Structures are given as C-alpha cells and as structure tokens.
Amino acid sequence: MRENNQSSTLEFILLGVTGQQEQEDFFYILFLFIYPITLIGNLLIVLAICSDVHLHNPMYFLLANLSLVDIFFSSVTIPKMLANHLLGSKSISFGGCLTQMYFMIALGNTDSYILAAMAYDRAVAISRPLHYTTIMSPRSCIWLIAGSWVIGNANALPHTLLTASLSFCGNQEVANFYCDITPLLKLSCSDIHFHVKMMYLGVGIFSVPLLCIIVSYIRVFSTVFQVPSTKGVLKAFSTCGSHLTVVSLYYGTVMGMYFRPLTNYSLKDAVITVMYTAVTPMLNPFIYSLRNRDVKAALRKLFNKRISS
C-alpha cells in the first residue's frame, strides 16, 4: 500500500543541467536548436536510405536504424526539459521519472549494440569480402537489430523495477535535467547495495558492445595493413572513420559518467550527460553524411524529388 501511495503522490524536482537560472536559460535555447536539428537530420538520413535503392545494403540498413534510435533517444528527455522550462516548472511524477529512466537505459543500450553491429559489418566487409553477402544477409541484419532492441530492453527492465521498489523519504531533487539511475539511487533512503551492484552489472553489459567494436577494428586494421598499397589503408579509414568518430564521442562521454563510484556523482556531471543525450545524436547525421558520397548523393536526390514535386 505504501509503494502504491508513493507512486501516485511522489514527485521529483529536476534541477537541470547546472541548477543556475541564467545558465539554464542558455541550455534551454541550446536545446531549442539542438532538438529540431536532431529530428530533421536523422529523419533525412532514414528517408535518403529508404528512397535510394543503391543504399539498400547492410551498412546503410544499420545506419538507418541508428538514426531512428537517436530520434527516440533525444525525444525521451529534451521535450520534457523544454516544456518544464517554458512552464516554469521543474517537477516530474514518479511514474514519469521511471518511464524516462527505462527508455534512456533501453535506448542507450540499443544504440551501443547497433554501433557494435556496424563495426562487425565493416570488419566482415574488409576482412572477408568474398563471404560478405552470405554473412551479412538481410536475415542476419534483422537479427542484429532485433537482438539490439531485446538486449536494450532486457537491461532496462530490472533497473526500472528495482528503482520502483525504493523508498524516497527526504530530498527529492534530482541532480540532472532528466531522471537518471545514478542520482535516483543517491536520493533513496532504502538499502541500495544490491541496486548498486545491479547498476554496475548493467554497466558491464553496456561495455560488451565496446569490446566487440575493439575486436572488430583490430580485425579491420590487421587486414588493411597487410595490403601493400596505401589505397587499402585510405579506403578503410574512409569507410570506418565516421563510425570511429561516433563511437569515440558516445563511449567517451558515457564512460566518463558511469565508469566510476556512485559517491563521486554530483550536479556538475549533468553537463556530461548533455553530450551523449543531445549533442551526439545531433552530430551523427553530419558525421556520417559529410564524409560519405553515397549518402550525400541520396540526400541530393531526395531534395530534388521534393523540389520537382
């Protein structure tokens, strides 16, 4: 009964990125620009890939799915932050907080596993080109995407259920602009030892794709450096450079946030979360399209179709 009453009456206060009103105004304007750019950029990538038959291959199928996840990922937190700032409110219900946390964990994990699938795709294309179409068949690609979604949601569910069982009887100010598991655990007045262990287990599951990416690129570069011509090296960097940039941005900020003790977390760390929740999803379409002739050509065709119609 107490837990049911808590879920219906408890509200959290989202302190924002810095907790300072002047700086929050700056981040409001920043997010007001970032969010539509993220939506439009990633949606254009999806439409360009779907509309151009030349891009109907595993590499671009995975890229289109990454763009879809980035749209959902940024939509979990930014609209709520913008709405709260506009309404002069910082509150979020207990149910809304758990929902936000669930989708952030699920989509964050899904994103990381799709990035691993993309690295595997490049490794197969460069190290086993004759078997590429067999290994990266349409069925295999669908299984890779489906598996990414299943693992992402399977990792998010236990964390959400465990957090829902906690009691919050004191300070209800969340040191972030959205409901993240780390500040929520710090607010609880329950015994959180098991929850912290589960959180680090989740971090371990989140690290598996990074290990897969590292192994894939070791395979890529070991194959490329065996090629006597420098063209092989340049081709590898041209096809893998964009992906490596995205992986570095994403995992660099996430590792800075979660690969450390819970007690070290503070409101100052909320600035780090802006990078992987807002900035990285916005930059991904530019990173993948600016250095990719096929994507740029598909985007031009897409715009020409819209103009001519």
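Glycine is no exception: its Cβ is also placed from the backbone N, Cα and C atoms.
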With the domain names in Swiss-Prot as our guide, do GLU22 and MET81 land on the same side of the membrane?
yes
Between the stretches 26-49, 58-79, 140-158, 271-290, which wins on the count of C-beta pairs under 8 angstroms to the transmembrane segment (236-258)?
271-290
Taking a Cβ cut-off under 8 Å, which residues six or more beyond the ends of the transmembrane segment (196-218) line up next to it in the same chain?
105, 108-109, 112-113, 115-116, 119-120, 122-123, 151, 155, 158-159, 162, 181-182, 185, 240, 244, 247, 251, 254, 258-259, 262
Using a 10 Å cut-off on CB atoms, tell me which of the disulfide-bonded residues CYS97, CYS189 is the least crowded.
CYS189
For the transmembrane segment (140-158) and the transmembrane segment (271-290), does the number of C-beta pairs under 8 Å, pairs 6 or more apart in sequence, reach 3 or more?
no
Positions whose Cβ lies under 8 angstroms from the topological domain 'Cytoplasmic' (121-139), at least six residues beyond its ends:
58-59, 62, 216-217, 219-220, 222-224, 236, 239-240, 243
